[in-house]
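Features as listed in TrEMBL:
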- 2-121: domain 'PLAT' (DOMAIN)
- 82: Ca(2+) binding site (BINDING)
- 106: site 'Essential for stabilizing binding to COTL1' (SITE)
- 121-670: domain 'Lipoxygenase' (DOMAIN)
- 367, 372, 547, 670: Fe cation binding site (BINDING)
């Protein structure tokens, strides 16, 4: 007889324990063990959350190399039906070899479940007949659990689910996440309700009164925004390091629909506009995607959503200053171009309309579409097409955590026909889906890859662009890590082409995420190792660093509402000299719309206590020495980048923290 030592690790999750009977079978290349009850010591609690338990399985002869294990849970008594969350099983063979079996799944029935040994195998490496069979069965089950659905035609597809409880258990919020999310959402609105702010449909009559909304939850950045929101330098700074740092682009030639006259424009440094454009000091922000839309109605009042053009100059002292604003796309007598030399409230009102447009562009395109909805497509395609044993699954599964549930909640509570977005945003209602469809139709692969995007927008040398600086460093660290991991398993381009599971994952993303639009440049298949590495890097960066960059600062920059109005309820001025502080206050959103908007931004900026930072892997999916060493190196490089960013931030008036790896969540989880 030979003896195997079996260690069962139960995951540290609420309700993850079981007092029921657990059976195991070991399957190797040379045979199988009997179906054995892992019997606990008398009176011992064995399969308890966070606990590791040891057992012995005896066999007449060695089973050879272990391929898989079979686990099942049987109810000892009818009243003890429960669910169990095993994290992993380790088996030490009589030859001294240790085999790891990652599980990280809920077992809620009494069926037999097969789990593969943890060594990563591509489909063409998987030669054992039982291994191939279990691989096929796993994907067949996953295809049933993770089904595609169409929420609205023209935007990325999503997972089919009736409610959060119908999602597979493995992708739902933890008890901690669920409880904290519900508490944060309810307490925010309750606090504002007690102040009478959520019920008031009146406009603001005093600018200082706006500070009573969540003043006790302000951050250092939102306090700075309240003090500096009127300043041109802060207005320009937000295009580089605010929540929408991806719109600005270098301007070499003025757009034909932006007829600026040289005699009216004021340039810092007493220079000519044409000279400054040639030097690369002029930048453009164009909100053309918002043009011609039917704006929302809030409190029975028509709202206004403009599609501005904004021209900015890099000044000799390295600030980015706005120098001209046109609030609608088509030039006309009733669409004046505003300049800093105009009256205080003409210029401030123009900037307010721009900041409101920026909120709507940011929320629907930059934030919702380009991180949340894409991350869901990446996750569903991975879970449908790639088995747990595949190196791609092991690499990417940490970047899918909580994404499917947070997106389901967004569709139900935020952007649905009865969602809160319609209560406070000018793009709520029919404009919302139009913006999403337009944005997807114009999206490109290069815009999702920060090195390509920075070069394409011509912003390689804009000073004080911390999103770019930190983002490029983070991309390079992720790229190097992905290149190492995938290069360990794929030694040639031919192996990439032969991997049917990898190819199906890619084609599903192209079909369901980008609706088979070849003009996006998204790969329909992967043909080289280099192409695969870049595509996977884009996915990880989108779900981690990019989402952090466009999500984390929402309350920082929106906590003082006049800096980021979610909607506006007077039309833009059609001629100069008609604005005042009173018209500005009448233009800003009503009190209840302000309260709803700030409550949503506060919720979406709130970190959960079970936050998992980029590079941290609570679940041990990789077990081989080389990938585990690469993970350690990855974590070390992220530590160095974090230290560099923290040191830089000590000298900044407004620290930029959103790409600090310590602040970047591994997945789109909020």
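Keep in mind that glycine also has a Cβ here, set from the backbone N, Cα and C atoms.
Note that TrEMBL annotation is computational and uncurated.
Distribution of TrEMBL features across the structure.
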residue	record	Cβ contacts under 8 Å, 6 or more apart
82	Ca(2+) binding site	15, 17, 18, 19, 20
106	site 'Essential for stabilizing binding to COTL1'	16, 83, 84, 85, 169, 170
367	Fe cation binding site	243, 550, 551
372	Fe cation binding site	403, 406, 407, 410, 547, 668
670	Fe cation binding site	402, 406, 551, 604, 605, 606, 607, 608
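Excluding the listed site residues 367, 372, 547, 670, the same chain places 368, 371, 375, 406, 550, 551, 604, 668 with Cβ atoms within 8 Å of the centre of the Fe cation site Cβ atoms. Break the domain 'PLAT' (2-121) down by DSSP state and the numbers are 3 helix, 58 strand, 59 coil. Here the Cβ of residue 547 (Fe cation binding site) has 26 other Cβ atoms within 10 Å, regardless of which shown protein chain they belong to.
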